[in-house]
Amino acid sequence: MIPGTRSRAIVILGAGIATLLSGCSGSQSALNPAGSAADLIARLWWPTLVVASLVTMLVLALLLVAIFRAHKKGAALPLSARQSRNLVIACGIILPLAATIPFALSSFSIGREIDAPLPDGALTVEVVGKLWWWEVHYLDETGGRIATTANEIHIPVNEPVRFLLKSDNVIHSFWVPNLQGKTDMMPGRTNVTSVTANQPGIYRGQCAEYCGTQHALMAFLLVAEEPEAFEAWLEGQRQPAMEPATAQEMLGREVFLNEDCADCHAIRGTSAEGQDGPDLTHIASRRTLAAATTPNRIGHLGGWITDPQHIKPGNQMPSTELSPANLQALLSYLGSLE
Amino acid sequence: MRVLEAVDVSGMSRFNPDRRAPLWWGILGLITIESAVVLTFCVSYLYLAAYAETWPPTGKVPPILWPSINLGLLLLSSFTMYLAGQGINRGDKRVLAIGVTTSVLLATVVLVLRSLELMAYEFSWKDHAYGSIVWAISVFHYVHVTSIVVGSAVVAILAWRGYFTRERQIGVVVDTNYWYFVCIAWIPFYLLLYWVPRLYVG
Amino acid sequence: MTLHKAAEQRDIIDSPEETAHLARTWYSPRGFPGWFTQVNQRMIGKRFIITAFIFFLLAGILGLLMRLQLAAPEQQLLGPELYNQFFTMHGTVMMFFFAIPVMEGVAIYIVPLMVGTRDMAFPRLNAFGYYVYLIGGIVLFGSLLLGMAPNAGWFNYVPLAGKLYSPGYGVDVWTTMITFIEVSALTAAVELIVTILRMRAPGMSLNRMPLFVWAALVMSFMIVFAMPAVIVSSTLLILDRLVDTQFFIVESGGEPLLWQHLFWYFGHPEVYIILVPALGMISTIIITFTGRPIFGYTALVLSVVAIGFVSFGLWVHHMFTTGLPQLGMSFFTAASAMIAIPSGVQIFCWIASLWGAKIRFHTPMLWVLGFFAIFVIGGLTGVMVASIPFDTQVHDTFFVVAHFHYVLIGGAVFPLIGAVYYWWPKIIGRMMNETAGKWSFWLAFIGFNITFFPMHQLGLEGMPRRIYTYADEMGWGDLNMLATIGALVLAVGFGITLVNAIWSVSRGRPAGTNPWNAPTLEWATESPPASYNFRHIPVVESRWPLWDWQRQDERRVVTGLRNDRREVVLTSVLDASPVGVQVLPGPSIWPFASAVAASTGFIGIIFHPIFFVIGFFLVFFSLVAWFWPRRPWRND
């Protein structure tokens with residue numbers, strides 16, 4: 001790779017999602033639970049940590065006593081065979097059993113609780129792992145797709161949401177640490193997980209199964225919002241793209257349809273029906289670009305279109321050469337797709 | 001420090017023609033490893049079958065006559081190998097040579113029949129997972145029969161030249177053991193490739 | 001069994017001529033051509049160890065480079081392609097080209113000495129296994145230099161490792177090199193099993209066998225039963241890639257999960273294959289430096305055997321997030337937690353043995369004490385990740401990276417380095433420097449914990465594994481910087497041992513026969529041992545033969561082995577009574593030739609399937625040449 005490429009990538013990354021997740025280092029942390037599953041797991045974690053620390057200290061304390069006993073007394077002071085046997089039985093057999101059996105049982109019951117079946121009629125979202133981004137479909141009761149977007153998932157807060165996880169390429173893993181543990185997206189299978197967000201917020205999710213070159217920059221945002229806000233958002237996403245309002249935007253749409261963009265991207269309501277890249281019908285409503293790699297601002301979008309390999313080396317979007325006027329028009333058009 | 005003699009081994013055998021020989025154990029190790037490979041192939045076959053919608057995908061079961069004849073020939077060749085081993089146990093070099101040669105010829109017939117059968121397969125390993133696993137197991141076993149044929153041919157040559165004696169026969173013993181293994185390994189493969197599809201389809 | 005068969009307890013006086021004759025019989029050819037014909041177990045073992053440590057160094061450098069890349073957010077040292085190759089190589093080399101071969105190498109060198117024999121059961125096969133390993137390692141690193149190294153991870157999950165998503169030669173190289181390691185590991189395993197079961201010194205019944213020999217035996221059996229799974233899976237993968245079979249192609253009825261099952265059915269025992277010999281090293285060192293018999297010999301043996309068995313029932317805990325049914329997976333939670341019991345028994349047998357002993361705190365002992373602190377933490381995090389819900393949060397994060405480095409470095413590498421300090425005087429004949437050894441230990445111990453402890457936290461804060469970069473606002477920068485600093489300290493720590501080892505070869509204090517006053521047979525012969533290992537095969541009457549001899553001021557030996565050819569005593573499996581004498585083969589070029597023939601086939605198939613046939617017949621002819629009886633045929 002050319003050195004310059006990287007430095008550019010860095011600059012853009014750096015300016016990146018900072019503003020979105022500003023200073024909130026807990027936005028992708030299992031220790032900062034905001035969802036039911038993550039909460040249960042965190043409640044398993046803390047007592048486990050305490051017990052494990054105690055066990056570690058006990059073993060090390062016994063070890064220190066063992067090795068320094070003779071030093072202090074100046075003569076060997078071995079345990080009798082009977083004492084040794086009791087030590088091994090108490091600490092080597094009973095202690096591990098006493099520590100692991102309750103742990104295994106509570107882990108089992110938490111697992112069952114997390115896996116409990118969802119109520120009928122729960123909102124269902126289908127997420128398809130792509131190289132290296134996330135395609136998101138909202139489904140109706142019959143499983144029909146009512147809206148399609150990418151890399152940004154909205155859900156209503158305090159409601160269990162069913163996620164159908166798929167992949168049509170390699171294995172990915174769907175994971176929002178603040179809300180739930182990860183579930184793999186296996187080609188040829190549909191895995192199901194449920195997410196219940198207990199607090200409104202923007203949570204970051206990231207692919208957790210190594211999936212090739214840009215595994216590192218395959219993230220997404222999960223926006224948990226009040227039900228009314230969510231309904232309004234979903235209603236917006238269901239609509240076809242807005243018609244251009246200005247001549248500039250009109251030209252932008254022409255550019256989009258005539259350049260190679262439409263081969264890979266769809267904008268519902270236009271003749272652009274490409275399926276290889278993210279659906280752009282409401283791109284302006286999203287917070288990030290390139291699978292939560294950079295914020296969705298006009299400057300970043302321009303940089304992404306003209307040279308995506310600088311921002312995310314190895315990704316599948318080719319660079320597009322446009323005259324400055326056409327680029328401006330395209331950016332205004334895409335910027336209008338709320 | 002005094003060094004005392006405790007055991008005198010000068011009178012002990014230097015030949016170890018049976019399971020006292022390290023090589024006998026070495027071949028046992030090889031057979032153990034390969035048995036685990038055979039088992040893993042079987043598990044892989046059953047795993048693929050368990051997740052398939054139809055097995056075989058075409059719904060047609062493979063013909064069973066020639067594989068069954070091959071099974072008989074392989075078992076017969078094991079018996080002639082056994083006779084050869086019995087021969088050299090008595091010191092009869094001629095029975096050894098004839099026995100090993102007969103086994104090699106029988107296994108060669110198996111190779112010819114298997115080649116014809118493979119050529120007649122109606123599917124390629126490229127068609128579907130069923131084709132892949134059937135071909136992989138077939139070729140795996142074919143290669144093993146080939147190795148016992150060429151390996152035992154060498155044993156046969158040495159036998160005709162009179163190298164093996166009642167004492168100097170560990171080569172025959174390990175060759176015979178490996179021969180048994182290759183023939184017996186055909187039994188699970190035979191059941192899997194030719195009878196399991198009949199269970200699925202039937 | 002009565003071992004005192006000789007009529008009167010005859011004193012043995014060796015004439016220098018006889019000894020010289022024996023030395024000539026077991027002599028290994030020197031010089032460049034001689035190098036390719038040596039078969040003596042100590043030569044092969046030493047080569048395995050040195051080669052493995054060179055790979056450890058190289059893979060360690062890759063690890064350091066990855067640490068530098070991750071030291072701060074959005075670094076530009078390595079791009080994604082290079083980083084992905086590096087972590088794939090780091091994992092593959094550490095697991096396959098360092099950990100298994102080095103443990104085998106130590107076992108190959110030490111076990112025959114410990115059981116009191118002159119070589120291993122199949123000396124030429126031993127040499128063959130080494131050459132296959134060497135060629136495999138060279139080709140693997142060659143691929144890195146050519147920029148076509150594997151980059152789909154050491155686990156090579158399909159479909160990512162399939163031809164569609166990993167075009168090029170990288171994954172082909174990986175599958176081929178795995179085949180090399182399978183062959184090499186399996187030959188060594190069979191070799192060790194037969195040597196241990198059939199060639200122990202008379203009187204060394206199974207219940208008198210040194211604990212390291214037990215560990216080597218269990219390790220070898222585990223290799224025999226674990227490797228076949230990866231033989232089959234790597235074969236299926238290379239067939240998918242080279243001749244378009246459909247094993248892992250979903251559209252044609254293939255099953256990506258089959259790969260995961262097969263790989264982890266091997267991959268989990270693999271971890272214990274590395275750990276088990278280290279447990280044997282720990283027992284050995286504790287016995288020597290406490291200067292008294294260990295407590296719980298039987299319990300320690302049973303624990304190692306139990307770990308060996310249970311490790312085959314854990315593989316699904318690598319697959320908790322794949323969507324398998326909960327109830328079935330819970331079995332694997334229970335099995336994984338159960339491994340805490342044999343581990344606990346071992347740890348407390350050792351603590352009981354250390355309790356109140358007059359411990360000599362030499363360098364080997366320090367590394368073993370370091371093991372306790374690190375391994376206990378690694379074991380506890382291991383129990384944690386056996387919980388399905390908890391694992392869904394930390395699986396494939398830096399928490400798991402921390403966990404298995406605690407287990408593998410703390411559990412295996414620390415005891416291994418301790419074992420190097422312990423056995424180095426025997427192998428080289430000179431002591432390593434104690435001061436440098438202690439510096440090395442403390443730097444490595446501190447560096448290790450600074451490197452890997454923060455990774456637990458990083459994983460819980462959501463940092464996934466195998467990412468080449470991360471954004472500043474993720475907040476992972478500080479802990480990563482700390483880890484990188486720790487890695488540099490750790491590297492300095494290991495580096496001191498490397499320098500110490502090289503320095504000691506010419507400058508170290510001469511070791512003498514038994515510098516540590518250890519009780520096992522390898523210390524009964526000169527350092528380094530003469531070509532024949534033991535002037536006379538010893539006869540053993542307890543678990544601690546050298547301490548017996550010291551007390552009694554006399555020892556008993558076997559007589560009647562010829563000096564003019566390579567003869568060893570065969571003994572029975574359980575009670576080691578002598579049952580025969582085996583004549584072992586001497587130097588030969590054919591193991592090397594066969595290894596070259598096999599390599600030609602393995603490497604060739606990457607380019608064309610016809611090399612399978614070519615390789616088959618090349619190997620066949622070289623094996624015929626190898627085994628063809630030379631006249632005059634031996635008659636006695």
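Each Cβ is built from the backbone N, Cα and C atoms, and glycine gets one as well.
Automatic, uncurated: that is what TrEMBL annotation is.
The transmembrane segment annotation in TrEMBL covers A:45-67 (among others). Within its own chain, the transmembrane segment (A:45-67) is flanked in space by residues 30-31, 87, 91, 95, 99, 103, which lie at least six positions past its ends and keep a Cβ under 8 Å from the stretch.
The transmembrane segment feature in TrEMBL is assigned to A:87-105 (among others). Long-range Cβ contacts of the transmembrane segment (A:87-105) within its own chain (Cβ-Cβ under 8 Å, at least 6 residues beyond either end) map to 48, 51, 55, 58-59, 62, 79.
Per TrEMBL, the feature domain 'Cytochrome oxidase subunit II copper A binding' maps to A:120-236. Averaged across the domain 'Cytochrome oxidase subunit II copper A binding' (A:120-236), the predicted model reaches a pLDDT of 95.
Residue counts for the domain 'Cytochrome c' (A:247-338) under DSSP, split into helix (H, G, I), strand (E, B) and coil, are 45 helix, 8 strand, 39 coil. Taken from TrEMBL, the feature domain 'Cytochrome c' applies to A:247-338.
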